[in-house]
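Summarising the annotation, TrEMBL assigns transmembrane segment to 12-31, 94-113, 133-160, 181-208, 324-344, 364-383, 403-424, 458-486.
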Amino acid sequence: MALLSDLGTEIVIPVCAVVGIIFSLVQWYFVSRVRVSAERGGDGVAKNGKNGYGDYLIEEEEGMNDQNVVAKCAEIQNAISEGATSFLFTEYQYVGIFMVAFAILIFLFLGSVEGFSTSDRPCTYDKEKLCKSALATAIFSTVSFLLGAITSVLSGFLGMKIATYANARTTLEARKGVGKAFIVAFRSGAVMGFLLAANGLLVLYITINLFKIYYGDDWEGLFEAITGYGLGGSSMALFGRVGGGIYTKAADVGADLVGKVERNIPEDDPRNPAVIADNVGDNVGDIAGMGSDLFGSYAESSCAALVVASISSFGMTHDFTGMCYPLLISSMGILVCLITTLFATDFFEIKAVKEIEPALKKQLIISTILMTVGIAIVTWTCLPSSFTIFNFGVQKDVKNWQLFLCVCVGLWAGLIIGFVTEYYTSNAYSPVQDVADSCRTGAATNVIFGLALGYKSVIIPIFAIAISIFVSFTFAAMYGIAVAALGMLSTIATGLAIDAYGPISDNAGGIAEMAGMSHRIRERTDALDAAGNTTAAIGKGFAIGSAALVSLALFGAFVSRAGIVSVDVLTPKVFIGLI
């Protein structure tokens, strides 16, 4: 038996989610203490008791008491916020129509399996028992689909709100030094990361418990209905990612063409109206889109793991703690990321520009190391020493240490992907320097070289993903792959914090330029932004790496649930599908 009782599980998961939400609100409070209104800039600082006089002198020198600058920053921030909000509202109108149409489709397809009959049917794997009707599955799947979609949309929207709230504050803090600005940008990234991870977990957990009231002992049907949650999350991510992404690039290229190429004025120049659109793009594409995207992967890997577990020994013996193993990993992830975030904001202070990238890199390392310990604790307290996992028609015996390794393989593969991405995209290493060097001979060599480098950069991540798939499948079949994907996404709060930090710093630089701040402040925001570009790439690496594992896990869950033993590639239909 597991050490953690079912009651313990029922308390631990929601408590961890609530802790995550409270932590993000605390971070938001810290960010909101930076004033973007016409008060005298020095008040907040002088009260800190840290050499108030010294700070005051710096303010005079940096023009900190210049009310015009603060007012200008506030004005630009409002413009960006308004633009981002109106874009997302327009997008969500279309998404809303799609959501309703798709929900009706799900209901019709799933309901018509038994001709909309309301009578119970024998279970797929245990013919003696009766499971709930197909109509019930259809109704509940549709509900969970809508819940997943709404949670996904909400995650993206809240992320965008906090980012547009923090960008001018980062600019204003940059007057006091690069460390202060970094903390504001990072804290606001953390708000988004923790809100998304905690909301996703809490909504999924509450949904499972509410559905359980109706389904009772029919866990097979219960967790089949829950899969709609993941589908909802990722179908919204499609709109957020693609819609936001196209807008971002169009605005960025448009602003550059009209400014740099036609008029020969610098980037983010206030005379170029397209600059606002460019800054809006960063928020809707890189923050709202990325948030929805990672939420989709997160929800789907949880759902895939739950489906396979429901037809394994956890589901057969109604072991609720074992069943919730994927959710417990996510809960532990929230606590681990909470400690990790404190390392960046409270334990170590950043003094110089060169400390920014190492600080963000440390976030990845610290969260991975702590999470490894966390997974060990969860595995040994929540799982029996051996259990069976469904594997293509047979039950495979699995030990708890094997499952621990499955999750760890995914977690460490994520770290490797993050590091390789950082190496290829950071200006501190040779690849980026070589690309810059190739510009000497013109744009053509630059494009070719950059593209070649992009192709080269995926070799190690592909091997990392391949090895994690092989190891996790060998140990725990399709369930292993699903929890490996969850392992990669277990530190999602930290991953999103460093990812959202990028666009916020980018916006801060744009605001500094448009508000006509001094050259020195622009240098500081540029330093933050340079690190931000790298972290945004790391975030994308995580999203794509986990998506590869998740897609396989989902396929595995489908195959397990549908009772398919093999797929023949030589059948023309399958081959056509592959092409």
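In case you wondered, yes, glycine gets a Cβ from its N, Cα and C as well.
It should be emphasised that the depicted structure is a prediction, and the values quoted were computed from it without experimental measurement.
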Relative to the transmembrane segment (181-208), the stretch among 12-31, 94-113, 133-160, 324-344, 458-486 with the most Cβ pairs under 8 Å is 12-31
Going along the chain, which residues at least six beyond the ends of the transmembrane segment (94-113) come within the CB cut-off of under 8 Å? 134-135, 137-139, 141-142, 145-146, 149, 153, 228, 231-232, 235-236, 239
Any contact, the transmembrane segment (12-31) to the transmembrane segment (403-424), with at least 3 Cβ pairs under 8 A: no
